Amino acid sequence: MVFLAALVGGWIAERLRQSPVLGYILGGILVGPYVLGLVHDLELLQDFSEIGIILLMFTVGIDFSLSRLEKVKKIALLGGALQISGVVLLCTGACYLAGINLYQSFFLGCVAAMSSTMIVLRILGEQGESNSLHGQIMLGILIVQDLAVILMVSLLPELHQASLASIPQLIFPLLKSFLFILFIIYLAQKVSPLVFRQAAKGSNNDVFLILALTMGLGIASLSHALGLSVALGAFLAGLVISESEYTHEILGKINSMRDAFVILFFVAVGMLVDPLALLDNIHLLLILLAVIIPGKLFLLFLIVKFLSYHSRIAFLVGMGMAQTGEFSFVMAKLGLDEQLISSDIYNLILASSIISILLTPLFIRMAPLCYLKLSRTRVWQKLFPEADLEESEFDSSELQGHVILVGYGRVGKNIGQGLQQIGLNYIAIDYDYHSIRSLNEAGIPYIYGDASNEVVLAQARPDLARLAIVALPDLFSNRQATYNLLKLNPNLIILARAHNEWEKEILYQQGAAEVIQPEMEAGLQLMRYLILHLNLPLEEVDKYLETLYVKDHEAIIHKKDIIAKREKNLKVREFSVGPGSPFAGKKLIDSQIREKTGCNVVTIKKAGGEVLLNPSSKETLDRDDLVVVMGDSRQILKFAQLNGGELQHG
């Protein structure tokens, strides 16, 4: 019955694009003693759920990596510490004033300070924003929160037993925890790699699993024997194994078993919720939600803004982390089991967590639009003035026939380097401090500001630009930038990036001339290499390229101008470069093939057998090379007449 509840709840949650964890908890509430009463033996379930906590914290420790903090360590460490401290103080004060005792108010503050790593990273991944600046900041703060959970589950039981007069007595438990952690670090660096290396020499793969579980449960038991948290011990045991080169193999063997016990844990969490009891404390629930959602949002906004990030970044971070997380459930369960909190407080934690997590996908997806609306109001502009028009020292009168590079992240930086290599002038727009600094050091003209803002875009003179490349991390910003650029110059050619077919179609409808989907391009590139390396007939390559550049392209822009594209009747043909060809011995950029014929060179097969796909403009066409060109019938004929070489196929 327990697994059936988890199955149904998890399936419904997935269909609603929510975390399966919510489904497991809601399934537990439904079959628990306070609703349908289908499961009564809670004691056995509690024992299994304890194993779930240990395995969950164990795998978190194994997968933990401080290297992920490197890029945003300043904002992660300082911002994370300020956020946790601020939310704890805010929630403790609000709940204490509402009539909850000081310790339980502090406990609620610790719970409210956490955010959902699983939900946030999943939604950012779906939207292609994991590597965006706001995505990296959120990841850094989430890692710091995960570290803080370990400290909290260790100290909260000690604080419950201490009075103000006995606060100095906490020094011994803290010292004990510190020494235990030092011992674990020694094991991780000196002992663990040797032990697992010896285990790897055997032929029995089960040894890894047995050794890992023995180490995990053993260190967790040692932690409990020392009067410390079992969860702390399990996490530290995971850290020991994380230093081994066999980490991924161990995780692979443990994950399936862990998932089964973790599901039991979250179902057990739900079964302890009494929905009717919440009606008596609805005012407390509203106070807690006010701290978790608007309170945490505003606090994170101020912190990120204080650390010199753009208002838009600060707002997106605040909206994305305005919820509690999976570890809030873990802390609530531990608190109830250890009698640190009452059942009413437990119900409050779970209800507020479920509500805030349910709202998270909506908040993250609506954040860009909400920021756009707010940033246009006079109140916002007065409270949070932005240096949106701060720009590098360049003469705007010199901007003529240039390229506007909207967004200077990973994609934008690569495009910028390419533009420099071929000698095209460009101006970049971004609000990432690190990107702006690198642009400044390279002497590249830039504008600091929100690249989707019409006023900011106008400074780049789109009315005089040759084209614009929109490479922002999220759909809303790409769409807004495209709209505003065309508003400023209806004839501007815009190239944009999308993360999926749906985004691609939206950007085409918005007016982009070409939209690239990196994942699709990678798949098509792999297919081309596959065809060439299998030495398939050139007709197959021809057929494939024609499908790539015509059929697929027309399907993408079907709603825009499919008829016009079909009239072009694009073809792909292969020619040999003869001794009398005017292109022989010239670089592509010097041959002016595109200018003279309208054809694009898509592949060069060198006389020595080397195949160059999407050749750069600096590649040289030599005598007896085979060149694959794409164009309509008229363009192909013109190339053939100029080249004078033999048409190989078609």
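Any Cβ shown, glycine's included, is placed from N, Cα and C.
Unlike curated entries, TrEMBL annotations are predicted automatically.
Look at TrEMBL and you will find 21-39 (among others) tagged as transmembrane segment.
Marked as transmembrane segment by TrEMBL: 51-69 (among others).
For 76-100 (among others), the entry in TrEMBL reads transmembrane segment.
If you look up TrEMBL, you'll see 106-125 (among others) marked as transmembrane segment.
Residues or ranges marked as transmembrane segment by TrEMBL: 137-155 (among others).
If you look up TrEMBL, you'll see 167-188 (among others) marked as transmembrane segment.
Residues or ranges marked as transmembrane segment in TrEMBL: 208-241 (among others). For the transmembrane segment (208-241), the list of distant contacts is 50, 53-64, 150, 153-154, 157, 173, 176-177, 180-181, 184-185, 187-188, 191-192, 195-196, 199-200, 247, 249-250, 253-254, 330, 334: same-chain residues at least six beyond its ends, Cβ to Cβ under 8 Å.
What TrEMBL records for 261-279 (among others) is transmembrane segment.
Annotation comment: TrEMBL describes 286-307 (among others) as transmembrane segment. Panel annotation: around the transmembrane segment (286-307), residues 74-75, 78-79, 82-83, 86-87, 90-91, 94-95, 98, 108, 112, 115, 137, 141, 313-315, 317-319, 321-324, 348-349, 352, 355-356, 359, 384 of the same chain, lying at least six beyond its termini, place a Cβ under 8 Å from a Cβ of the stretch.
The feature transmembrane segment is assigned by TrEMBL to 313-332 (among others).
Annotation source TrEMBL lists transmembrane segment at 344-364 (among others).
For 400-517, the entry in TrEMBL reads domain 'RCK N-terminal'.
Look at TrEMBL and you will find 560-645 tagged as domain 'RCK C-terminal'. For the domain 'RCK C-terminal' (560-645), the model's pLDDT averages out at 78.
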Query - Chain residues in Cβ proximity to the transmembrane segment (21-39) (below 8 Å; excluding those fewer than six residues from its ends, i.e. six or more beyond) - result: 1-2, 5-14, 45, 118, 263, 266-276, 326, 329, 350, 354, 357-358
Query raised in the report: At an 8 Å Cβ cut-off, counting only pairs 6 or more apart in sequence, do the transmembrane segment (313-332) and the transmembrane segment (76-100) clear the bar of 3 or more pairs?
Result: no
Requested in this report: Could you check if the transmembrane segment (76-100) is in contact with the transmembrane segment (137-155), meaning 3+ Cβ pairs under 8 Å among residue pairs at least 6 apart in sequence?
Outcome: yes
Report summary line: Note: vs the transmembrane segment (344-364), the recorded stretch with the largest number of Cβ pairs under 8 Å from 106-125, 137-155, 261-279 is 106-125
Report summary line: Sequence-distant contacts of the transmembrane segment (137-155), meaning Cβ under 8 Å and at least 6 residues beyond its ends, amount to 57, 60, 64, 68-69, 71-73, 75-77, 79-81, 83-84, 110, 113-115, 117, 120-121, 124, 130, 170, 173-174, 177, 228-229, 231-232, 235, 300, 304, 309, 313, 317, 320-321, 325, 327, 330-331, 334
Query raised in the report: Counting only residues 6+ away from its ends, which parts of the chain sit with a Cβ under 8 Å from the transmembrane segment (106-125)?
Result: 19, 21, 83-84, 87-92, 95, 100, 132, 135, 138-139, 141-142, 145-146, 148-149, 152, 156, 159, 288, 291-292, 296, 320-328, 331-332, 335, 340-341, 345, 348-349, 352-353, 357, 360-361, 364-365
